[in-house]
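Down below is the structure, laid out as structure tokens.
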Amino acid sequence: MTELKEEIENLKRKRNALILAHNYQLDEVQEVADYVGDSFYLSKVAAEIESDGIVFCGVRFMAETAKILSPDKVVLLPEIDAGCPLADTITAENVRELKSQHPGVPVVCYVNSSVEVKAESDICCTSANAVKVVASLPGSKVIFIPDENLGDYIAKQLPDKELILWQGCCVTHAKVKTENVTQVRQRYPEAKILIHPECIPAVVKLADFVGSTSEIIRYVENSPAEVFVIGTEVGVLCKLRTVCPEKQFILLHSGLVCPNMKKTRQQSIYDALLNNRYEINVDETIAEKARHTLTLMLELA
Ligand code: CIZ
């Protein structure tokens, strides 16, 4: 074990803290994490684990989610500038306007949203359970925010629903173009092409499998295929190589690198534990409403 890893372990023990890392984090971060997964898994972990503190290696909305679900724990986000441009496309005021334009229509917010946006919504979802969450709602109309591409994917799975979409997207996933898929298909005809639903609809249409990071990992584990093209953020390759070391993985597009997810390093985790930074706090009135949308999702999915 390196000296830095040992220091992290010591500080973790001293503070009775656990490290949660998203599937999109750097390999060096996933290596020192106690739990690695997608937002849905990590939010369940945050709600259930017994520790005094959580170091959340991800982006701000994820640390906020952990704090909302574990209000009594100290939640640290090691890199305070790790944000999510998709979450920033919509404000609580925008949601109120949408609700006044479509009275009575339920609002589903993707987990990639601020606490204020979650508080204005009826139920939250992640990419792993978005179709299930939308399908569970009464009536045919649903407001889905803020990811337009994920919304389009859900609408295609649920033809009886009419989705009212917000025009937000993940700039990293939106870089993938159809030519990238056709080129890779020609070069690796035997490969299975696995694509995240945050990619544009024309790209999603060309996939062999569409799913969230956890669904992509499960697909690879259960597939007899040996070569896979991965159409989501590069960080997921760390887990894929760990669970299936004998299989081959090709990243669909070299730009599938989220700069915000790559801000956290082992050094940032060490500094976070040593200096108690950066502590995430959420106003309890807003947190209470947001907690309701998250709890409904956890109960349903
Ligand atoms: O749900 C998540 O954690 C995100 C943002 C992506 C995924 O598919 O895991």
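A Cβ is built for glycine as well, from the same backbone N, Cα and C atoms used for every other residue.
Quick caveat, the model's predicted, so the values are computed rather than measured.
Look at TrEMBL and you will find HIS22, SER39, TYR110, VAL111, ASN112, SER127, HIS196, PRO197, GLU198, THR213 tagged as iminosuccinate binding site. In this view, GLU198 (iminosuccinate binding site) is surrounded by 26 other Cβ atoms within 10 Å of its Cβ, with every protein chain counted.
For CYS84, CYS170, CYS258, the entry in TrEMBL reads [4Fe-4S] cluster binding site. All protein chains considered, the CB of CYS258 ([4Fe-4S] cluster binding site) has 22 other CB atoms within 10 Å. Mapped onto three states, the DSSP output places CYS258 ([4Fe-4S] cluster binding site) in coil.
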Determine which residues of this chain, when CYS84, CYS170, CYS258 are set aside, have a Cβ within 8 Å of the centroid of the [4Fe-4S] cluster site's Cβ atoms, and list them as they appear in the sequence.
VAL59, PRO85, LEU86, ASN112, VAL171, THR172, HIS173, GLU233, ASN260, MET261
Starting from the Cβ of TYR110 (iminosuccinate binding site), draw a 10 Å sphere and report how many other Cβ atoms land inside it.
30
Nearest to CYS170 ([4Fe-4S] cluster binding site) by Cα, among HIS22, TYR110, ASN112, HIS196, GLU198 (binding-site residues)?
GLU198
Taking Cα-Cα distance, which of the binding-site residues HIS22, TYR110, HIS196, GLU198 are within 10 Å of CYS84 ([4Fe-4S] cluster binding site)?
none
When you measure from the Cβ of HIS22 (iminosuccinate binding site), which residues in the chain that are at least 6 apart have a Cβ under 8 Å away?
VAL36, GLY37, ASP38, SER39, LEU42, CYS57, GLY58, VAL59, MET62, GLY235, MET261
